[in-house]
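Note sheet for the following structure.
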Amino acid sequence: MKGDAKVIEFLNAALRSELTAISQYWVHFRLQEDWGLAKMAKKSREESIEEMGHADKIIARILFLEGHPNLQKLDPLRIGEGPRETLECDLAGEHDALKLYREARDYCAEVGDIVSKNIFESLITDEEGHVDFLETQISLYDRLGPQGFALLNAAPMDAAE
């Protein structure tokens, strides 16, 4: 089914955002793991994998609309140099994604592409959950301080390899 060209553009922009998030969350997972923040690292890894699912849905929709998914472009990665900064970087990426997805959802509704609109609605719901989680973690970091936050996110000694 031939899709609206601008809808396909929005889907490719969303794909770029998701591919960027996959890489960024994965690098943060590895950094956090290296810093001994096993619980924080586990969550970043889960987020990266969730973003892979988003990318897969977007690719399938682009192909259904007879478009060409562009997996060669990424937005610049924002890589934090410490625990709080990784959270801030991820939060900035989520805010950027939400802005794009809301604009895309509205355009899809205007042109009557309800399936693409629903995909963007689903992405918005997931990204809002990510924003809430990240804002909560930043607040915890600020209230507990670096040491308290590290203790909260460290794995128990008996879980060490």
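A Cβ is built for glycine as well, from the same backbone N, Cα and C atoms used for every other residue.
Because the structure is a prediction, the values reported are computed rather than measured.
What Swiss-Prot lists as Fe cation 1 binding site is Glu18, Glu51, His54, Glu127. The Fe cation 2 binding site feature in Swiss-Prot is assigned to Glu51, Glu94, Glu127, His130. The heme b binding site annotation in Swiss-Prot covers Met52. The domain 'Ferritin-like diiron' annotation in Swiss-Prot covers 1-145 and rests on sequence analysis.
Shown on the structure are the features that Swiss-Prot records.
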residue : record                   : Cβ neighbours (10 Å)
Glu18   : Fe cation 1 binding site : 24
Glu51   : Fe cation 1 binding site : 26
Met52   : heme b binding site      : 15
His54   : Fe cation 1 binding site : 22
Glu94   : Fe cation 2 binding site : 23
Glu127  : Fe cation 1 binding site : 25
His130  : Fe cation 2 binding site : 21
Close to Met52 (heme b binding site), taking Cα pairs within 10 Å and only the binding-site residues Glu18, Glu94, Glu127, His130, are Glu18
Across the domain 'Ferritin-like diiron' (1-145), DSSP labelling yields 118 helix, 0 strand, 27 coil
Those same-chain residues, other than Glu51, Glu94, Glu127, His130, found with Cβ within 8 Å of the centroid of the Fe cation 2-site Cβ atoms are Ala21, Glu47, Asp90, Gly93, Ala97, Leu98, Asp126, Gly129, Val131
Taking the centre of the Cβ atoms of Glu18, Glu51, His54, Glu127 as the Fe cation 1 site, the remaining residues of that chain with Cβ inside 8 Å are Ala14, Ser17, Ala21, Ile22, Glu50, Gly53, Ala55, Ala97, Leu123, Asp126
Model confidence for the domain 'Ferritin-like diiron' (1-145), as mean pLDDT, reads 98
Near Glu94 (Fe cation 2 binding site) (Cα-Cα within 10 Å), the binding-site residues in question, chosen from Glu51, His54, Glu127, are Glu127
Expressed in Å to no decimal places, the gap between the Cα atoms of His130 (Fe cation 2 binding site) and Glu18 (Fe cation 1 binding site) is 13
